[in-house]
Amino acid sequence: MAGCRGSLCCCCRWCCCCGERETRTPEELTILGETQEEEDEILPRKDYESLDYDRCINDPYLEVLETMDHKKGRWYEVVKWTVVFAIGVCTGLVGLFVDFFVQLFTQLKFGVVEASVEECSQKGCLALSLLELLGFNLTFVFLASLLVLIEPVAAGSGIPEIKCYLNGVKVPGIVRLRTLLCKVFGVLFSVAGGLFVGKEGPMIHSGAVVGAGLPQFQSISLRKIQFNFPYFRSDRDKRDFVSAGAAAGIAAAFGAPIGATLFSLEEGSSFWNQGLTWKVLFCSMSATFTLNFFRSGIQFGSWGSFQLPGLLNFGEFKCSDSDKKCHLWTAMDMGFFVVMGVIGGLLGATFNCLNKRLAKYRMRNVHPKPKLVRVLESLLVSLVTTLVVFVASMVLGECRQMSSSSQISNGSLKLQVTSDVNSSIKAFFCPNDTYNDMATLFFNPQESAILQLFHQDGTFSPITLALFFVLYFLLACWTYGISVPSGLFVPSLLCGAAFGRLVANVLKSYIGLSHIYSGTFSLIGAAALLGGVVRMTISLTVILIESTNEITYGLPIMITLMVAKWTGDFFNKGIYDIHVGLRGVPLLEWETEVEMDKLRASDIMEPNLTYVYPHTRIQSLVSILRTTVHHAFPVVTENRGNEKEFMKGNQLISNNIKFKKSSILTRAGEQRRRSQSMKSYPSSELRNVCDEHVASEEPAEKEDLLQQMLERRYTPYPNLYPDQSPSEDWTMEERFRPLTFHGLILRSQLVTLLVRGVCYSESQSSASQPRLSYAEMAEDYPRFPDIHDLDLTLLNPRMIVDVTPYMNPSPFTVSPNTHVSQVFNLFRTMGLRHLPVVNAVGEIVGIVTRHNLTYEFLQARLRQHYQTI
């Protein structure tokens, strides 16, 4: 076991060992993933740690409940709602910060380059303009890539990682303050650097980090930031705040608080309740109105007007008053929308397939090399993107006549769109009174380009739209996955909007459907491609409706997204699920396949257990913790017929056997307890039965054998009984002897007990053992001490630890005959980390963990099942 690299929080021994792999940090493994040389598919890694979403109702927790009166309960709720509001406000301010500096850097870059292009168009020095554009873009991308080297998990959008976190997987470094700083600064440099990425996706990750860190009032990265805030010191509470923060991020990005709430439910959170719904919606509203308030005041000088609800504004869709035949959409258009949904699904599947191949190539050929290679790859993508943008605008663009409402302003043309939002059109390389349609799309911020496609009628030729779509599609696919913070929402929307606008132009010019509204088709195209890539339906429908502020678009958007999802699902998964799979994360889907019910809990559990006794010596606990990597241990006692002989003279064995007897509940014993509590007594016969069961036992002496087993590098388990000394010649019955199950205790709890000296001497009773409060047990959360950092010289190895007050005495359990679908539903819906399998007489026979419920593991077990039939 010393060579094991990690485990999926399970209590099995053999399944946690890994082969030798190259040395990488947990953060690098998280973002880079691992590949298998012989197999093309990437299986879930077993060294991911799960989160404790199940509440541990032990003695310290019950003591808290005893002191929790109505007033404290109300105060706790007030604090929780206040924290939720603060998360929303802070997420909105993060969005404001990113948007402000992205606009600042983008305006600086385009201002310098446009002035140079205007001057060099006449002097013939366009190469100088290209060098200036390259200088800006390469510098910004270089800074973004350096930030990812500082914190590798800051790369990408962060949505796959947050999805895994909310699913119950502990992703290293995903919600650190350092990750937030690298993400925020990195994404503004990525967008300002001209890469085909968006800032809206990383807002979800940023909001999640704010939600995770703000309620803790401390930081792992900056350890001096600590206020000893006593609340919300558990994974269960943090999960709810991360859900709220992620929703606040997308609400700030799109100005869609209801859609953001649904997004957190549909794509993110695996565990949900009614109270969380209100808190997530309130947090989303807080983020939306915070961002709206400050953006409206800064941009328009109209504080309190609330004119800009999100980072991405789609504007108002309406037909011209002079065009009486125009309609936003008609029933006849639904057929075109369905076809566009099919094409969007095909394009999305193609995008995902290409990006998956690129990601695998990077994992095999880029990531194993020195970190500088990842920076060079990012610079290469930036270089190619800049060259394509500049050359395409100069060579492939068409000079089109300005409309009468257009006017020249500082080398660009200002055009008032129907949504009352000013968007600039570019006159690059074109004579007076004309503009370059390709440059208008490439030399504008992506949000402005989307507005151009949504609201400008007849300003782009079909050839320009087709070329722009192909170039943007390929470059966006290549860009997603490089070592910079990047989002995928806006690139997918812009690429899809060009596709929809192309369809509208073809229908108008070549089929003669003059009544159609081009903006509607552009919106449907954007929805089709985005839905084909990310495969979301409900939340994306509401987000787009809220962004357009047009409820009549609800039906066509929903149908388009459904068709795009069905079409794409026929070929592959959504882009986020693909990247989750590439990282080997044991993500649990919503449900298992029907055929998995051919398996039972006994088929998938791990029977080879590492366990502890209710009373165990420090020497044994330290050895177990240092020689295994499991994150929880069953608390058990052994079933023997001659227990009285072994109790003589040994306090440790006596305490364990007494605990076992006291934990056995009988109907007669319960009736006696109830009768005594009512000042009445049962019959003498019933008393005799109970007295016989709880008869006192005499203790005996016994030798601790754990150190001998540890020296032999073989630890089946420290056996307390002298007639069964550890031996490699044990029979199967001896190795898997019956064990009565009493509860579960976590590794973090055991280490905390050892660090704080919670133990008692063999010459004393267990009542003399110091007691820890709930606050003391959770004080080191979320970074509990490591057993290897423990100073063993401060511990007496012969002292005994009573773990019973701190274990979870009533975890969820299943019987060996429980069908896999029932095991899966219980594990997933209750947010479990470990699921003991207990037989009909209360003996633990195995443990089910997250790894045992992954699709790949179940498929392997199903194949074995078919082979044994």
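Glycine is no exception: its Cβ is also placed from the backbone N, Cα and C atoms.
The range from 156-160, 416-420, 606-610, 726-730 that Swiss-Prot describes as motif 'Selectivity filter part_1' is residues 156-160.
Just one of Phe241, Phe489, Phe659 is listed by Swiss-Prot for the same chloride site as Ser157, Tyr576, and that one is Phe489. Following the DSSP three-state reduction, the secondary structure of Glu267 (site 'Mediates proton transfer from the protein to the inner aqueous phase') is helix. The stretch from 128-150, 200-217, 335-364, 371-392 that makes the most Cβ contacts under 8 Å with the transmembrane segment (553-571) is 335-364. Each of the recorded positions Asn432, Ser773 was scored by the number of other CB atoms within 10 A of its CB, and the lowest score belongs to Asn432.
Counting Cβ pairs under 8 Å that are 6 or more residues apart, the transmembrane segment (487-511) and the transmembrane segment (200-217) reach 3 or more and are in contact. In this chain, the transmembrane segment (81-113) lies close to the transmembrane segment (277-294): three or more C-beta pairs between them fall below 8 angstroms, excluding pairs fewer than 6 positions apart.
Neighbours of Glu267 (site 'Mediates proton transfer from the protein to the inner aqueous phase'), defined as other CB atoms within 10 A of its CB across all chains, total 23. Here the motif 'Selectivity filter part_1' (156-160) has, by DSSP, the following mix of helix, strand and coil residues: 2 helix, 1 strand, 2 coil.
If you look at the transmembrane segment (128-150), the same-chain residues 6 or more away from its ends with a CB under 8 A from one of its CBs are 105, 108-109, 112-113, 116-117, 120, 178, 182, 185-187, 189-190, 192-195, 371, 374-375, 378-379, 381-383, 385-387, 389-390, 482-485.
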